[in-house]
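Chemist: I'd like to ask you about the structure that follows.
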Amino acid sequence: MVLDELISEFDRGLRSLTGISRMSRPVPAPADAPDAELTPAERTHAAGLMRVNHVGEVCAQALYQAQKLTARTASAKAMFEEAAREEEDHLAWTAHRLKELDSRPSLLNPLWYAGALAIGVAAGALGDKVSLGFMAETERQVESHLEGHMSELPATDTASRAIVDQMRIDEVKHGKAATDAGGIELPLPARMLMRAASKVMTSTAYYL
């Protein structure tokens, strides 16, 4: 681990928390009709869901930063770096959509980031196979979560739906890549604990 790498990751963390993340791909555009006018209730609900998704991407940045820094092999480091770059697109897309919905990111983002960073360090300390397994399970749970949001978002909110759908596609790819790279299946108690922690985060971030 070199100083340049630490500085680079520190910069990425600051960008994650300050809302100035760079996107390498444009914001996904709806394939069908543009947004119809959302009712105030629909707009509030969509904003809450997109705030949850934004928090998830803040956590993803912290997780993959920590896992990259603690990875043993160059191949694992490269995989975490690639996933982090695509997740940074997600971070920028969800921030963009929150602004369009006249809303804001979670007020607790520094807390979410710090917690995810600690979890990523712990996963990385257990070795690459466990760390990659943690990545695969994380992506599976995120995929399920995003599928739920697709059913909850207003049908007329085509902008949010386009973003969430592309995020889901990317998460599936990340999870498969982690499994193919040798990630092991986590034990049931670990998977259940991850779901419980995710439930606390999503329930809180919807409002705060």
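Glycine too: its Cβ is placed from the backbone N, Cα and C atoms.
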Chemist: Which of GLU57, GLU147, GLU152, GLU185 does Swiss-Prot put in the same Fe cation 1 site as GLU87, HIS90, GLU171?
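Modeler: Swiss-Prot lists GLU87, HIS90, GLU171 binding Fe cation 1, and from GLU57, GLU147, GLU152, GLU185 it also lists GLU57.
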Chemist: Taking Swiss-Prot at its word that GLU87, GLU171, HIS174 bind Fe cation 2, choose the one of GLU81, GLU100, GLU139 listed for that site.
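Modeler: For the Fe cation 2 site that includes GLU87, GLU171, HIS174, Swiss-Prot also lists GLU139.
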Chemist: Which binding-site residues are spatial neighbours of GLU139 (Fe cation 2 binding site) here, meaning Cα within 10 Å, out of GLU57, GLU87, HIS90, GLU171?
Modeler: GLU171
Chemist: Other residues near the Fe cation 2 site, CB within 8 A of the CB centroid of GLU87, GLU139, GLU171, HIS174?
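Modeler: Filtered neighbour residues, in order: ALA60, ALA83, GLU86, MET135, THR138, VAL142, GLU143, ASP170, VAL172, LYS173, GLY175.
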